[in-house]
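Listed in Swiss-Prot:
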- 72-86: compositional bias 'Low complexity' (COMPBIAS)
- Cys173-Cys186: disulfide bond (DISULFID)
- Cys176-Cys182: disulfide bond (DISULFID)
- Thr72: O-linked glycosylation site (CARBOHYD)
- Thr80: O-linked glycosylation site (CARBOHYD)
- Thr87: O-linked glycosylation site (CARBOHYD)
- Thr92: O-linked glycosylation site (CARBOHYD)
- Ser105: O-linked glycosylation site (CARBOHYD)
- Asn127: N-linked glycosylation site (CARBOHYD)
- Thr139: O-linked glycosylation site (CARBOHYD)
- Asn163: N-linked glycosylation site (CARBOHYD)
- Thr215: O-linked glycosylation site (CARBOHYD)
- Thr231: O-linked glycosylation site (CARBOHYD)
- Asn251: N-linked glycosylation site (CARBOHYD)
- Ser253: O-linked glycosylation site (CARBOHYD)
- 67-263: topological domain 'Extracellular' (TOPO_DOM)
Amino acid sequence: MSNHTHHPKFKTLKRAWKASKYFIVGLSCLYKFNLKSLVQTALTTLAMITLTSLVITAIIYISVGNAKAKPTSKPTTQQTQQLQNHTPPPLTEHNYKSTHTSIQSTTLSQPPNIDTTSGTTYGHPTNRTQNRKIKSQSTPLATRKPPINPLGSNPPENHQDHNNSQTLPHVPCSTCEGNPACSPLCQIELERAPSSAPTITLKKAPKPKTTKKPTKTTIYHRTSPEAKLQTKKIMATPQQGILSSPEHQTNQSTTQISQHTSI
């Protein structure tokens, strides 16, 4: 509290405390003179003053504690620059080559193992394997390009050896637009793919077309027995204009002659 004695709120608290002391002395004097009503009003006002003073002190302590907890000063530009300088530089080709040469120099500087019993010297086998790994890591990955076929349309033959089996790179057919060397690779990849079996579609034989001939409709009329008799009579009597037999003609000529003589 010694550091905060000059705060204006603390000064007001001191003044209120002194005033309360004088107020208590005055109340005691009034109580001696039997002025109870004035004493009661004075006590209530005193209680209100003490409560307000306690609330003010609590607020002051809370504000002081928060001020101590929060950092008052922000990091300066020099501190931020120092932090940036401490960050490691990004890996570039020059840095990578320098680290690669340092690793090779350390591996080559190791002395060979000497066998004292047989008197022969031999190099450590792990150095060769390490050098091979480092070289494989140092070489950048080259972009795979499809091999150029000189014949163009004729795809290469599939030479499958059981001992040395080589797998060709997968080339999607969507990237083969305008590249004649890429089309045989797509065909080879489709032939070698075990999962994608060729689907056989059976074509149904077309049925022969048959043209239906129109059928003749026969109409049957029911005839009565009287109509049948009339048709028979008509068939029996010869019609006029039809050539008759020679006997019939001779009979007609004789009848005509007899008629003329009688006249």
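Glycine too: its Cβ is placed from the backbone N, Cα and C atoms.
Within 10 Å of the C-beta atom of Cys182 (disulfide bond) sit 19 other C-beta atoms, taking all shown protein chains into account.
With respect to their backbone Cα atoms, Cys176 (disulfide bond) and Thr231 (O-linked glycosylation site) stand 93 Å from each other. Summary: among the disulfide-bonded residues (Cys173, Cys176), the fewest other C-beta atoms within 10 A of the C-beta are counted at Cys173.
Between Cys182 (disulfide bond) and Cys173 (disulfide bond), the C-alpha separation comes to 8 Å. If you take the Cα of Cys173 (disulfide bond) and the Cα of Thr231 (O-linked glycosylation site), they are about 91 angstrom apart, rounded to a whole number.
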